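Colleague: First, the structure itself, so that you have it in front of you.
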Amino acid sequence: MAGRWLALLWAPGFLCVALILETASGTGDPSTKAHGHFQFSAGSVNQTAMADCRAVCGLNTSDRCDFVRRNPDCRSEAGYLDYLEGIFCYFPPNLLPLAITLYVFWLLYLFLILGVTAAKFFCPNLSAISTNLKLSHNVAGVTFLAFGNGAPDIFSALVAFSDPRTAGLAIGALFGAGVLVTTVVAGGITILHPFMAASRPFLRDIAFYMVAVFLTFTALYLGRITLAWALGYLGLYVFYVVTVIICTWVYQRQRSRSLVHSISETPELLSESEEDQMSSNTNSYDYGDEYRPLLLGQETTVQILIQALNPLDYRKWRTQSISWRVLKVVKLPVEFLLLLTVPVVDPDKDDRNWKRPLNCLQLVISPLVLVLTLQSGVYGIYEIGGLLPVWAVVVIVGTALASVTFFATSNREPPRLHWLFAFLGFLTSALWINAAATEVVNILRSLGVIFRLSNTVLGLTLLAWGNSIGDAFSDFTLARQGYPRMAFSACFGGIIFNILVGVGLGCLLQIIRNHVVEVKLEPDGLLVWVLASALGLSLVFSLVSVPLQCFQLSKAYGLCLLLFYVCFLVVVLLTEFGVIHLKKV
């Protein structure tokens, strides 16, 4: 019971944590405060802000660098690198294709960083936190694990919403990911492994997602999101979590009643199954013992540190394909950096992944990463009283805490408060994801300026594809392994969290941070309406066709979804390049 109450209180708690992180990592632009609301189109500042910046490609090559440096609309409010200045000031005009190619490769590597951080560091720590809080699997799945799987989407949306010039990226990415997941991913699962969907969870999830899409469509039509509207998004997500809990409780109760009824009717059959289970348990053998050394030698502290920082499994390396090895080599620098800075707690291991020298080192490095990633390091270099910068104070305090921990613990047994490292790893990995997402948004905006593409198109294509490709491969793998129902359910559960928390929390943070009454939304022409309509049509198609098939999903259903997405992309591109447009009356 306590775990369920904690689950109900988790969403406001996460909201407070996100408010602290986002407020600390963002700065309010006073130019956007006008008439009591925050203009996502920056209309009160400059009605042609994005158009002015895109005009750089129409200038002479000798004037582009000065234009980018002097025009405030070409500057990035957050991030470590200024991509527009880099491409127009540090690359000769004849090497512009090379610069764009390098940016694309860096963008792909950032997506790789997002995927590795979320999968190997963010999600495991969230799982450890939910285990320590004793949450049920269903509650953890729709809260902590949903946040872990959607972390790249959520942080990309929060970063995009923080700048009026990139708000279209957030809308395009959230809607684009919704169309991609409900068509390509869901269709691919049914093609790989046709199955019978669970009727009640499917209808519940698609109904909630349709309500979320309708709320966003209405907000775009009204052109604004108020404080009550933003809180309504978060409240709907809390209601969704409560609904999942109640549905799970009802299902378990009905199942227990049917089980009791079957026991009373066929006790002899049950006893035979129990005997079989007991015999299988007694005859089970841990074959992992064969690979354990006969004489357990105590490892030194240095050996433990070296093994803990090694991201490569040599036995697995010898058995994998060439493509896997190439990808592993590319990921090695990222994994080494994350192993050095992000602690991971694993409740399934006997030692809970306690590595005494590494964890003590992380007590110094992880807080340093926290202060150097907040607002791109501005808080880290701030001097306290004009004497010491914040990062130096953090290093001193962290070193003292690490020294006490090192001499008060042993290598064999984890300390009693080892579970606190899960929260430290959660915060550190979250800020790593936020930093990578900031760079992704800045690169996409730069590419939009260079190619004169709208932020909505970049969001629904590159950003949505990059953030969803990891989940897509995971779901396809589950389907090939014989778990298509689990993969299909994950499609809708994740995007419900993304759109409700992404839009609701992103707008709420802007309202609070800028002390405004509402957030102005100005759709990017006809394209946003095409995107919203396509998402709505895909959901209506599934809502109608799946029950008509008696929830037996076939390959034909999957092929129809893939065809729908292809048609959607064609219409989007034709709309972007002006082939499809509204006639002016």
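Glycine is no exception: its Cβ is also placed from the backbone N, Cα and C atoms.
Got these off TrEMBL a minute ago, pasting:
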SIGNAL    1-26  signal peptide
TRANSMEM  100-123  transmembrane segment
DOMAIN    104-245  domain 'Sodium/calcium exchanger membrane region'
TRANSMEM  135-161  transmembrane segment
TRANSMEM  167-194  transmembrane segment
TRANSMEM  206-223  transmembrane segment
TRANSMEM  229-251  transmembrane segment
TRANSMEM  360-382  transmembrane segment
TRANSMEM  388-407  transmembrane segment
TRANSMEM  419-437  transmembrane segment
DOMAIN    422-573  domain 'Sodium/calcium exchanger membrane region'
TRANSMEM  443-465  transmembrane segment
TRANSMEM  486-511  transmembrane segment
TRANSMEM  526-544  transmembrane segment
TRANSMEM  556-580  transmembrane segment
Colleague: Compare 360-382, 486-511, 526-544 by their Cβ pairs under 8 Å to the transmembrane segment (388-407) and return the stretch that comes out on top.
Modeller: 360-382
Colleague: Between the transmembrane segment (206-223) and the stretches 167-194, 360-382, 419-437, 556-580, work out which stretch tops the count of Cβ pairs under 8 Å.
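Modeller: Comparing 167-194, 360-382, 419-437, 556-580 against the transmembrane segment (206-223), the winner is 167-194.
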Colleague: Which residues of the chain, 6 or more past the ends of the transmembrane segment (360-382), have a CB below 8 A from one of its CBs?
Modeller: 21, 24-27, 78-80, 305, 340-343, 389-391, 394-395, 397-399, 401-403, 405-406, 421, 424-425, 427-428, 431-432, 434-435, 438
Colleague: Sort the residues of the domain 'Sodium/calcium exchanger membrane region' (104-245) into helix, strand and coil with DSSP and give the three counts.
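Modeller: Secondary-structure composition of the domain 'Sodium/calcium exchanger membrane region' (104-245): 124 helix, 5 strand, 13 coil.
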